[in-house]
């Protein structure tokens, strides 16, 4: 299997947080390793775990002068070094809890305790401090328990004290050993905790150069690939041909080029005559999108792959020359008067080493460092109306005009509403004219050029998801300075109702969804759009349904004023039913609420320019309990033939997966026996009922197990550095 080079590469394949195999040096000697990739922030975190338990105790009348704690990682030191060297930032949490056990012996003494990092070097600084500074975090911040010392533990108290912090000088990481010294006195005791190594960003992945003339090139020292060559890079161009790179010998050579708009060629000669491998793409490769090239050659065979197209392989002759002997410099771009490459090359790796194209391009005419236009390839990952924003080294998704959050605008922003709690979003705040507001936010983005002197809406889009077990209640209510309003309600029966009162009719126009109970505690999505008289309602995964306002009804929503969630607190006359539904109010979850360009919940939970429009009664607690359900109803475990595989794939460290499979088989066999008994002996109703109840319980338990497995992994990654102190021990054994 082909493993990506880093977590960053998985992110840009649209993958979500999980465990992945990465191979930092391609097909080099390091080999692949399994890491946890956390994609929840703009920059990806890569995490490598070790086997030292948190709060490992040392001392307690131990006769040894020194206690040595060894950390064994799920990767070799060289593999971890490959990750730290290409990362922008790395950190590792370290903690020393002490009772009569001094740490660094500050201010003047020799340290009692130290840690060993990369290349077996000893280090005498602690978390929160830096190289050469023999202090703990409290010494740097000047808040140690006893100001005479630079570490809390150095005061030698009989009560438990603690020195903790992040080690973030990545050239010294990871911690491979902690040596503890001051635990041989009576009453001396210490506890050590070391978190996993976490690295953020990947400098190599975005290292790029733009070739702006067909004669421009970058040169590097001769490629050392005598018996094996592994070359990978991304390219982006609108030209139909050009040389990517070339290195010459007397007669030997190695070369990669774009031969035509649909062909990439890998050619070389090791002394047996030229060999050429060509990959032909069914689609144009000069479409200004990123394409990946991977070329390999060893004494047995050579291969070329472009994107996900089939690998082209050529066996080496059984006899003849095998060594590739090169003398010239390595040219990236135009070489020897040939037509060079026009466009961008990025993340160029030769035998596991990333060439610094960016640095070399800064001093080379005709070549520019970096590359623009990442959004043409990756903009599709910005979901839910998020806008792709170009950056010098990559791109980001701007979610500000959406009700979502996260690097790809796919994280629901939602909250839990307690009984009696409500939120009001005013469409205009002091100092902004209503006209400004409507043209900026209430009119849909496509109408932003329209002016609205009469401040009326002829179209709206309202979407959100919710979950509740209480009915009746008001979910969303949009008020106006006139009698007009729009409301989404849950009726006493648990059914959904959407109510439009736009004037022209005696009674509001109601859309009743009577075919299902929405107050069943499950998340439900609602998307209702109106354009003039036409209304389209999309509920959960059901097909959209169309409705039409009565001919007598007005089609303008006049002078919108405010949006309410959970309860309506509005002056003036309120619709009688809504007044009744207002007490005691909505209890449950609302998520990703969006009315045209406005996201009221997000404005309340994330400090933005719109936050001044929000007023909240009660305490708003962020929660994803109302997050959107699947668009396709999930297959039940009994009917899903892949259920067991998918469970173990999603939760590789969930020790329950196999046991659950056995339980399911038992439940099915039990069910079959029950049916046989039922047909023979009708008197055993009680037994049959018991067995079916047992089967039901099993499915519930499995769901809970899966939930906790997922949240444990999420918790490991997202909490603060002290998170590891609470990890369940059995879980940690699996992470080794």
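Just so it is clear, glycine is given a Cβ too, placed from its N, Cα and C backbone atoms.
Matching 623-644, 645-666, 667-688 against TrEMBL, the residues noted as transmembrane segment span 667-688.
Same-chain neighbours of the domain 'EGF-like' (372-410): 11-12, 14, 39-42, 206-208, 210, 236, 288-290, 344, 445, 463-464, 592-594, 597, 599, 601-602, 606, 608, counting only residues six or more beyond its ends whose CB sits under 8 Å from a CB of the stretch.
The local packing around residue 344 (disulfide bond), expressed as other Cβ atoms within 10 Å of its Cβ over all shown chains, amounts to 22. With DSSP classes pooled into helix, strand and coil, the tally for the domain 'Fibrinogen C-terminal' (1-50) is 5 helix, 17 strand, 28 coil. For residue 371 (disulfide bond), applying a Cβ distance below 8 Å and a minimum sequence separation of six or more within one chain yields 208, 209, 210, 236, 344, 346.
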